[in-house]
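As annotated by TrEMBL, active site, proton donor/acceptor applies to Lys80. Positions annotated as NAD(+) binding site by TrEMBL: Gly182, Leu183, Gly184, His185, Val186, Gly187.
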Amino acid sequence: MNVFSDTAFDGHEQVVFASDEATGLKTIIAVHNTNLGPSLGGCRMWPYASEQEAIHDVLRLSRGMTYKSALANLPLGGGKSVIIGDPRSQKTPELFRAMGRAVEQVGGRYIVAEDVGTSPEDMEQIASQTKHVGGINDGSDPARTGDPSPFTAYGVFIGLKEAARFKYGTDDLKDLRVAVQGLGHVGYHLCRMLFAAGAKLIVADLNKNSVMTAVNEFGATAVSVDEILSVDADILAPCALGGVINDRSIEKLRVGIIAGAANNQLEHDRHGDMLREAGVLYAPDYVINAGGVVEVHYCREGKPVSETNKHIEGIAGTVREIFDRAKQQNLSTGFVADRLAEERFGLVRKAA
Ligand code: NAD
């Protein structure tokens, strides 16, 4: 089992392995960097095929949170936790209370929130054991449902408009054609905002009901999941899976901008360079999909949704800075985003 030599280790400050025999809890809590504040990141519950896979996943995700929070201008560092187990069959309130005790032992250097396989109800169990938890709706603001997805969608919408301003000289989306891949929690909210702004929607999802609803509600044009990455449009918004921008899809793209919610849209960093060479403006995913983490922070601080939204609107300035620097230095936007994040959280790399 490798931790320090895992490719995603990248100077993690702390990695905690904790277990509780009575409830079957096996968890790994990773704290990547706390230069800007305590680390915050979701708790993923997943039936990992091996411990190494779980270690790699938690390190990779935790590091990503450092970059995301730094560019979202939050006083937070990056962390993440994983519970090894099947969320469909192995969840119990006792297991999450044991998880709460494990989080408590990290002493506030890690703040847990929900992620794939965990829910607001699970966070409530955790909250009975520790105050270092986010993603719980205290009911103080009726505009807050406990679901971060609408805030994520709002950030994507802000980032997408800024990309349109940079590329097409206007952030008026009226009659711009936006292809949305994935009509889930984030994608559907994004469609609602795009429709309200006058955009023409082209949509695809594996779920035919979501597609039909978008056709009826927004007058969207439905295409198949195989076609959505090659439709002729102004903007592509990937809101389904990671890795969709790859050698195969880049050849077929017929858009000027990529701006969507999905994490890790580029299969490899070099695909960012390929997009630049092809003249496609890419709004880095983790920069524009940070609205959810902003909301988790503001909710924890007891601040109203109006303040969350104001903060999310700051995403426009950050992507603008990334686009400007990338253009001036002839670099990919993804590369520039990473360097800007590192400047903000004060990464010091050892001399080679
Ligand atoms: P979700 O599971 O609610 O929705 C994903 C949708 O994509 C589903 O409707 C699914 O049917 C569809 N889909 C899957 N494969 C597809 C394919 N090949 N073609 C077309 N559609 C396909 O997830 P979500 O919460 O909306 O998140 C979407 C993406 O955004 C994910 O990559 C997620 O990691 C990322 N993200 C979400 C949030 C959030 O607040 N929910 C925050 C940051 C990033």
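Placement of Cβ uses the backbone N, Cα and C atoms for every residue, glycine included.
TrEMBL: automatically predicted annotations, no manual curation.
It is Val186 that, of the binding-site residues Leu183, Val186, has its Cβ surrounded by the most other Cβ atoms within 10 Å. For the pair Gly187 (NAD(+) binding site) and Lys80 (active site, proton donor/acceptor), the C-alpha distance works out to 24 angstrom. With a cut-off of under 6 Å between the Cβ and any atom of ligand 1, the recorded positions Lys80, Gly182, Gly184, His185, Val186 reduce to Gly182, Gly184, His185, Val186. Here the binding-site residues are Gly182, Gly184, Gly187, and the one whose Cβ sees the fewest other Cβ atoms within 10 Å is Gly184.
All protein chains considered, the CB of His185 (NAD(+) binding site) has 17 other CB atoms within 10 Å. The two recorded residues His185 (NAD(+) binding site) and Lys80 (active site, proton donor/acceptor) have their Cα atoms spaced 21 Å from each other. The DSSP secondary structure for the residue listed as 'active site, proton donor/acceptor' is strand.
The Cβ neighbour count for Lys80 (active site, proton donor/acceptor), using a 10 Å radius and every protein chain shown, is 29.
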